[in-house]
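*Asks:* Just passing along the structure, written as structure tokens.
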Amino acid sequence: MLSASCSGLVILLIFRRTSGDSVTQTEGPVTLPERAALTLNCTYQSSYSTFLFWYVQYLNKEPELLLKSSENQETDSRGFQASPIKSDSSFHLEKPSVQLSDSAVYYCALR
């Protein structure tokens, strides 16, 4: 359990690859002070149409879908947002102000 007095946010990142396609994301862990802006980079290579996803896994929990790609920028109820940018094959995850409760493992995935 994380202490309420903890001044940093730790985010762990893991790489995922699929056959013939690839995803590269920010290497972790990333440590930020509370209320700092967060950007987790995700770039991909694919020969086919792509569906992009961000998953989050909190301590002792199963991974859950955070965001999926769409034509427009998508924002979830926790304040995370991501927009697919086809010109540079990216789907970066952003949050303007992180909280201690955002400490988790984040996965960028491609289907």
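Numbers run from 1 along the shown chain.
Placement of Cβ uses the backbone N, Cα and C atoms for every residue, glycine included.
Copying in the features that Swiss-Prot gives for the protein in this structure:
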DISULFID  Cys42-Cys108  disulfide bond
DOMAIN    21-111  domain 'Ig-like'
CARBOHYD  Asn41  N-linked glycosylation site
SIGNAL    1-20  signal peptide
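Can you tell me where each of these features sits in this structure?
*Replies:* The Cβ of Cys42 (disulfide bond) has 24 other Cβ atoms within 10 Å, all protein chains considered.
In the three-state DSSP classification, Asn41 (N-linked glycosylation site) falls within coil.
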*Asks:* Neighbour count first, Cβ atoms within 10 Å, every protein chain included; then name which of Asn41, Cys108 tops the list of recorded positions.
*Replies:* Cys108
*Asks:* When DSSP states are grouped into helix, strand and coil, how many residues of the domain 'Ig-like' (21-111) land in each?
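*Replies:* Residue counts in helix, strand and coil order: 6 helix, 43 strand, 42 coil.
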